[in-house]
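Read through the structure below, which is laid out as structure tokens, and then see the notes.
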Amino acid sequence: MTSQIIPVDPFDYVVFGGTGDLAERKLLPALYHRQISGQLSEPTRIIGASRSEMDHDAYRQFARAALEEHLKQDELSEDEVGRFLARLYYVSVDAMSDKGWDDLKALLDDGSDEIRAFYLAVGPSLFGSISERIRNHGLITDKTRIVVEKPIGRDLASAKALNNTIGSVFAEDQIFRIDHYLGKETVQNLMALRFANAMYEPLWNSAHIDHVQITVAESVGLEGRAGYYDKAGALRDMVQNHLVQLLCLVAMEAPASMDAEAVRDEKLKVLRSLKRINDSNADNLTVRGQYKAGASAGGPAKGYLEELEGGVSNTETFVAIKAEIENWRWAGVPFYLRTGKRMSERMSEIVITFKPIPHSIFDDSAGKVIANQLVMRLQPNEGVKQWMMIKDPGPGGMRLRHIPLDMSFADRFEVRNPDAYERLLLDVIRSNQTLFMRRDEVEAAWLWVDPILKAWEENGQKVHPYTAGTWGPSQAIALIERDGRTWHESD
Ligand SMILES: NC(=O)C1=CN([C@@H]2O[C@H](COP(=O)(O)OP(=O)(O)OC[C@H]3O[C@@H](n4cnc5c(N)ncnc54)[C@H](OP(=O)(O)O)[C@@H]3O)[C@@H](O)[C@H]2O)C=CC1
Ligand SMILES: O=C1O[C@H](COP(=O)(O)O)[C@@H](O)[C@H](O)[C@H]1O
């Protein structure tokens with residue numbers, strides 16, 4: 001089975017931070033993939049912009065190396081790579097001064113009347129200055145959009161300030177706030193599962209669902225991002241955006257359509273219904289952890305403090321939270337969230353555990369009746385499993401077994417699973433904001449996160465050590481076991 005490819009209109013993508021890690025690992029490979037899928041129309045151009053001095057050819061060499069390093073050999077053909085590199089341009093621009101901006105304007109004006117997207121793959125401290133310079137140098141046309149990377153601020157006040165600055169230059173429908181989890185195939189599939197099937201909706205509430213688990217586990221550590229990460233920590237880096245967005249997609253009401261405003265309105269209602277966690281309950285509802293040396297998937301792993309090179313730090317690399325949504329659909333259904341670095345394996349999933357049957361007609365010899373579970377595996381091994389009880393085949397009498405209806409996407413579909421950025425980068429060109437965060441969503445998420453941060457600080461909440469290569473501190477296990485439940489084991 002293959003999917004239909006519809007080319008998008010030609011565009012100029014200006015990537016501020018075009019020489020950075022994100023551009024190298026994600027953006028350039030994603031755009032290359034869209035080219036080989038036949039989705040880029042002529043004369044599409046990609047313009048790298050950062051302070052480093054280099055000409056177009058040197059940037060093309062940088063991009064070639066990036067593709068060679070981050071794509072598989074069989075994805076690279078000399079023809080396609082050559083065609084891709086010919087789209088690339090580079091301008092040396094300083095976000096903090098006017099240096100290079102006239103050159104950028106000349107290059108952009110040299111193109112025809114294309115869609116113009118500015119991708120801010122730079123630190124958030126540069127967002128304001130770049131936005132204002134884009135305006136002051138006359139780079140905004142009626143087909144302009146701006147893409148901003150997370151983190152949008154480090155608390156509600158700074159997020160509002162950033163949103164104000166960007167919003168003073170661009171209208172909300174021109175601003176694309178990326179949360180790359182929303183571009184992941186299985187995350188979008190969550191909406192298909194919920195809203196393109198009749199069977200789940202009647203059960204999708206507190207009468208039938210016991211609890212929900214959302215796990216985003218990484219096996220990697222800091223990956224050279226200590227400067228950013230140590231100031232952020234797992235709550236700001238992952239929970240405020242990715243996990244909270246996943247929770248919204250699980251919990252929201254059916255939107256009127258897939259229209260961006262309709263979907264985002266529903267997510268916003270969920271965010272506004274999240275029960276406050278503050279200094280009175282943070283100790284019971286949240287767990288912080290930090291990894292110490294151990295063994296990761298790739299071999300021996302340093303501890304967080306060693307990765308910081310001798311620093312002293314209380315930054316959490318793991319968080320578990322028992323969240324609750326105070327509305328009619330979800331009252332009393334806990335949403336257990338956990339995320340961490342240097343965990344046992346890279347594994348992200350959403351697990352919906354249904355309530356147990358009200359009464360069993362089977363005697364003990366049949367075995368225990370286990371509650372149904374719907375497991376949506378976001379990565380790796382993307383797919384959906386609906387765990388059910390069935391009779392063990394054979395004449396041996398009624399013996400029950402818990403087995404999954406298994407829909408592994410790799411087995412079912414022949415198409416390559418595209419990286420989230422492939423979808424999102426082109427949604428910007430299509431001007432489709434459904435999978436991007438609206439200003440009020442970002443701020444509502446901070447409104448929930450801020451009191452947790454404050455409580456941690458004021459209560460001096462302990463950061464529990466956990467060994468690299470494990471599932472986090474034992475306190476996270478206790479968080480869910482106190483309620484008579486257990487974390488779903490990866491299968
Ligand atoms: N890397 C990742 O996986 C992810 C990153 N992000 C976010 O994306 C953004 C970029 O991250 P990342 O690529 O890792 O960062 P890097 O530090 O690797 O890259 C930063 C880029 O910004 C450029 N830059 C720095 N200062 C200026 C300036 N004054 N004017 C113009 N360009 C400048 C740098 O080039 P030069 O020095 O030549 O100017 C470089 O190209 C950050 O906001 C990050 O939080 C979000 C999710 C994942
Ligand atoms: O946004 C971020 O996400 C990555 C994890 O993304 P994934 O697509 O590899 O699951 C995380 O490593 C990083 O710290 C964070 O900033």
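Glycine is treated like the rest: Cβ placed from N, Cα and C.
Worth saying up front: this structure is predicted, and the values here are computed from it rather than measured.
Annotated in TrEMBL:
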type: ACT_SITE; residues: His242; note: active site, proton acceptor
type: BINDING; residues: Arg51, Lys150; note: NADP(+) binding site
type: BINDING; residues: His180, Lys184, Glu218, Asp237, Lys341; note: substrate binding site
type: DOMAIN; residues: 14-189; note: domain 'Glucose-6-phosphate dehydrogenase NAD-binding'
type: DOMAIN; residues: 191-488; note: domain 'Glucose-6-phosphate dehydrogenase C-terminal'
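Locations of recorded TrEMBL features on the structure.
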residue	record	contacts (Cβ under 8 Å, 6+ apart)
Arg51	NADP(+) binding site	Ser92, Val93, Asp94, Ala95
Lys150	NADP(+) binding site	Arg177, Ile178, Asp179, Asn241
His180	substrate binding site	Lys26, Ala420, Tyr421, Leu424
Lys184	substrate binding site	Leu378, Gln379, Ala420
Glu218	substrate binding site	Thr339, Gly340, Lys341, Arg342, Met343, Arg346
Asp237	substrate binding site	Pro151, Tyr229
His242	active site, proton acceptor	Asp179, Tyr181, Val216, Thr339
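Ligand 1 lies under 6 Å from the Cβ of Arg51, out of the binding-site residues Arg51, Lys184, Lys341. Taking the domain 'Glucose-6-phosphate dehydrogenase C-terminal' (191-488) as a whole, pLDDT averages 95 in the prediction. Lys341 (substrate binding site) has a Cβ environment of 26 other Cβ atoms inside 10 Å. In the three-state DSSP scheme, Lys184 (substrate binding site) falls into the coil class. A Cβ distance below 6 Å to any atom of ligand 2 is met, among the binding-site residues Lys184, Asp237, Lys341, by Asp237. Maximum intra-site Cα distance, substrate binding residues His180, Lys184, Glu218, Asp237, Lys341: 19 Å. DSSP assigns the residue listed as 'active site, proton acceptor' to a helix in the three-state reduction.
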